[in-house]
Amino acid sequence: MSGIGAALLNSLDIGLLLFIIAVGLNIVFGVLNIINFAHGALYMLGAYLAFTLINIAGMPFWAALILAPIGVAILAVIIDRVLLRFIYSRDVADSLLLTFAILLIINESVRMIWGSGIHVVQPPDLLSGSVQLLGSSVATYSLFVIVIGLLLLAGLWYLFNRTRVGRIMRAAALDRDMAEALCINTRLVVTGVFAFGAWLAAVGGVMAAPMRALDPGMGDKIIIESFIVVVIGGLGSFPGALLGAIILGLIHGFGGRYLPEVNLLLPFVGMALVLLFKPNGMMGKGANA
Amino acid sequence: MKTKVLMAILAVVIAGLIAVPWIASYFYVFIFTEILILGLFAASFNLIFGYTGMLSFGHAAFFGIGAYATALVLIHLEWPFLVCLLVSMGASALLALMIGFLSVRLNEVYFAMLTLAFGMMVFAIAYQWRSVTNGSDGLAGFTLGSFGLGLDLTLANPSVYYHVVLGIVAIAAIVLYLICRSSFGMILKAIRQNPERVSFAGLNVRTYRLVAFVIAGTFAGLAGGLIAPFLRVASPELLHWSMSAEPILMAILGGTGFFLGPFIGSAAFVLLETWITTYTESWMLVLGIILAMMVIFFRKGLLGTAIDWWMEVKK
């Protein structure tokens with residue numbers, strides 16, 4: 001019983017972390033209509049910036065949690081204004097190619113700046129212990145990830161459904177020309193949404209830093225996981241991202257414990273099954289070619 | 001007149017390629033072997049990207065499977081090289097059928113994500129299935145025996161291997177060219193331009209996309225079968241997405257709108273890589289910057305830009 005409880009909590013912290021990252025991918029797709037291949041690289045950048053702020057500059061974890069995502073968001077504004085603005089009016093293939101190029105550039109830059117080795121970030125003292133829960137010992141940091149994930153989930157829901165900024169974003173996602181006709185500065189919305197997506201990726205990166213070792217391949221792993229999440233849930237769907245993330249979290253949490261030898265394959269099997277029966281994802285629509 | 005000039009240029013290039021081992025050092029024999037193999041890899045990719053309009057980020061899966069298939073057959077069965085290549089093509093065709101079946105049904109954005117994810121799945125299998133693939137070290141220590149068809153060739157000699165590669169790539173390129181020129185190839189082009197129109201004309205777009213995907217995968221597998229004896233190893237890097245990036249860049253570099261574009265892109269890519277890696281370790285950084293610049297400013301590639309420039313001058 002305690003094994004199941006621990007696996008469940010473990011699934012939840014993986015799932016909510018994945019949600020934070022995948023929802024950023026989803027929001028950018030919804031408004032800009034591009035899939036950002038560099039999203040995982042931005043996540044990695046968040047983690048490495050946190051490493052520098054905490055281990056080199058000696059700042060507390062909390063400061064890094066605020067500052068690193070802001071730094072990545074600023075970089076995203078530059079990427080948008082310098083590179084992406086050329087291709088918004090072009091075929092979707094060009095945006096895929098360009099964000100892929102950005103991914104290669106960021107990956108190699110991280111390797112140049114921080115090296116190919118593994119780096120470790122310690123969790124803050126307050127969260128480094130463990131607590132008894134559901135009859136088993138759980139890392140306090142996992143609970144912290146779950147709490148932050150739920151807070152972000154609630155915050156995003158509130159942002160999109162109850163605020164003016166959220167309504168503007170949704171309007172721009174539905175019909176950009178119409179939004180423009182209603183005096184909405186869609187250029188600003190596009191840049192803002194791209195930066196917001198990058199901010200979410202980086203928050204995920206900082207949160208992940210104390211749980212996982214930092215290496216230049218961490219962005220590649222997470223972008224593939226995020227793709228699996230949005231394919232399972234349905235591209236562009238907010239509840240879909242949550243559902244997909246929780247399903248993938250459960251696959252990792254239970255698969256890692258009970259089926260360790262095929263553990264790496266399970267997410268792909270899950271994705272293939274969803275594709276066979278619901279090609280548009282559990283909550284998506286209109287993706288047929 | 002125009003076709004005559006083109007044929008003359010092509011004849012000179014082919015004569016030059018045949019003569020490489022006699023006029024250049026071993027170093028360039030290796031470089032040109034690599035250019036030809038990667039050129040075929042990129043040309044197979046361009047059948048689905050340039051012709052059919054499907055941007056795959058997982059083409060290395062078929063290339064890598066081809067390399068592993070040839071390596072496995074050489075290690076365990078020691079069959080002639082030609083048979084190894086056929087096994088490589090069969091294995092990659094089967095894999096392309098499975099991945100394609102799940103991926104071609106969905107739109108461009110989904111297709112890009114799915115090919116990348118399934119490509120990395122194959123990478124994960126090669127990495128984890130140590131008993132068959134030898135994990136991260138890859139398969140090495142295989143030797144080429146006979147060529148097949150009763151021909152007596154010393155494949156271990158780089159010049160002989162270069163000529164074998166040249167012959168096989170030339171035949172494969174002609175077959176690919178005939179496919180592109182056929183009515184099937186015309187339909188693929190029509191699908192890129194307007195899939196709705198094609199399905200209104202009563203054609204099953206999904207089937208055409210799948211067939212194109214399988215053909216492209218099969219030729220990528222052939223290129224993979226050629227690269228394994230050349231590198232003397234089949235390792236997971238051949239399956240990684242950074243390998244999938246190479247045909248994308250070659251096709252864009254040369255020009256996706258032309259059959260020979262990917263081959264020219266391959267030559268530019270390999271020569272550039274050889275030159276740049278003597279100065280810096282960060283080849284991928286340069287690759288990313290070149291890709292970004294090509295996409296933003298020279299979307300037609302070297303060949304397309306050169307032709308545009310030539311037309312401008314003639315006026």
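Any Cβ shown, glycine's included, is placed from N, Cα and C.
TrEMBL does not curate its annotations; it predicts them automatically.
Taken from TrEMBL, the feature transmembrane segment applies to B:5-24 (among others). Tertiary neighbourhood of the transmembrane segment (B:5-24): same-chain residues 32, 36, 158-159, 162-163, 166, 170, selected by CB-CB distance under 8 Å and a gap of 6+ residues from either end.
As annotated by TrEMBL, transmembrane segment applies to B:30-49 (among others).
Beyond the transmembrane segment (B:56-74), the same-chain residues lying 6 or more positions past its ends with a Cβ under 8 Å from any Cβ of the stretch are 41, 44-45, 48-49, 83-85, 87-92, 95-96, 99, 111-120, 122-123, 126, 132-133, 139, 142-145, 213, 216-218, 220-225, 227-229, 231, 233-234, 236, 238-241, 243-248. Taken from TrEMBL, the feature transmembrane segment covers B:56-74 (among others).
The transmembrane segment feature in TrEMBL is assigned to B:80-102 (among others).
Taken from TrEMBL, the feature transmembrane segment covers B:109-129 (among others). Among residues of the same chain six or more beyond the transmembrane segment (B:109-129), those with a C-beta under 8 A of the stretch's C-beta atoms are 54-61, 64-65, 68, 95, 99, 102-103, 135-136, 236, 239-241, 244.
Long-range Cβ contacts of the transmembrane segment (B:160-180) within its own chain (Cβ-Cβ under 8 Å, at least 6 residues beyond either end) map to 14, 17-18, 20-21, 29, 32-33, 36-37, 39-40, 43-44, 47, 51, 81, 85, 147, 153-154, 188, 215, 219, 222, 226, 229-230, 259, 263. According to TrEMBL, the feature transmembrane segment maps to B:160-180 (among others).
Among the features that TrEMBL reports, transmembrane segment is placed at B:207-228 (among others).
The transmembrane segment annotation in TrEMBL covers B:248-272 (among others).
Long-range Cβ contacts of the transmembrane segment (B:284-307) within its own chain (Cβ-Cβ under 8 Å, at least 6 residues beyond either end) map to 242, 245, 248-249, 251-258, 260-261, 264-265, 268, 272, 276. If you look up TrEMBL, you'll see B:284-307 (among others) marked as transmembrane segment.
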When each of B:30-49, B:80-102, B:207-228 is checked against the transmembrane segment (B:248-272) for Cβ pairs under 8 Å, which one has the most?
B:30-49
